[in-house]
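Encoded as structure tokens, the structure appears first; notes follow it.
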């Protein structure tokens with residue numbers, strides 16, 4: 001198994017974790033304000049990560065901290081814009097527009113990193129964005145201020161993928177990830193005090209999902225992303241992340257008894273097809289077919 005395939009499978013596991021987080025997040029947000037929730041989730045994740053990887057933190061260099069804070073600020077901006085946009089648009093449209101990062105990443109990758117996606121990655125992107133449309137969009141296609149904020153958020157999420165891919169090869173990935181998580185937590189706490197009335201919840205209905213979200217969906221997920229993304233391309237990463245609403249829909253179907261329509265299932269299939277198209281080594285497949293035909297002709 002190649003390093004890229006291992007990295008892609010690890011990132012797929014991250015996508016699975018993030019997809020499952022929507023149900024837990026939705027339940028938690030019934031009891032606590034948005035930035036208050038994000039602050040607790042990310043600060044708890046940063047503390048746990050720092051304790052486990054304290055040796056990395058002790059040896060942290062200036063660049064790991066600098067890049068971690070920069071990428072954390074980008075990630076927080078994406079979360080803040082997406083959350084604000086959700087107040088003015090539907091969840092389905094927000095999911096679709098956020099999914100546009102799968103299109104934005106190859107463009108930014110070509111412009112900023114001079115990495116051009118291959119034709120199969122482009123086909124995968126097209127399949128993914130069509131699948132997102134079938135999975136999330138309804139008959140309402142009008143745009144409003146919330147949609148614009150969400151579109152800017154998708155640019156920030158795309159930029160997050162690009163910057164992680166660029167800087168993770170130059171510094172200690174684990175340290176950069178922990179600083180990134182902590183930055184999101186601190187900025188969320190500042191916003192919570194500025195526009196909300198933050199509380200420290202006491203009920204298990206908050207802390208059980210909070211621990212799962214903090215440890216699995218934040219600490220583990222972002223550290224794995226930062227460590228493994230150096231072995232794959234930003235475009236591959238974005239395509240894999242496009243599976244997040246697929247896993248979200250599946251978890252919502254089994255856990256929350258939400259309806260999964262035929263249209264949504266078709267959308268999920270298109271997204272998965274996009275991933276498969278981008279993952280397969282088509283040149284090897286075609287070369288193998290050609291060699292087999294040549295052997296048959298010789299015989």
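Yeah, the Cβs are placed from backbone N, Cα and C, and that goes for glycine too.
What TrEMBL says about a protein is an automatic prediction, not a curated fact.
Looking at the stretches 14-33, 94-113, the one that TrEMBL records under the feature transmembrane segment is 94-113.
For the transmembrane segment (94-113), same-chain residues at least 6 beyond its ends with a Cβ under 8 Å from one of its own Cβ atoms are 82, 85-86, 121-122, 125, 128-129, 132-133, 135-137, 146-147, 150-151, 153-155, 157-159, 161-162, 165-166, 233-235, 237-239, 241-242, 245, 248.
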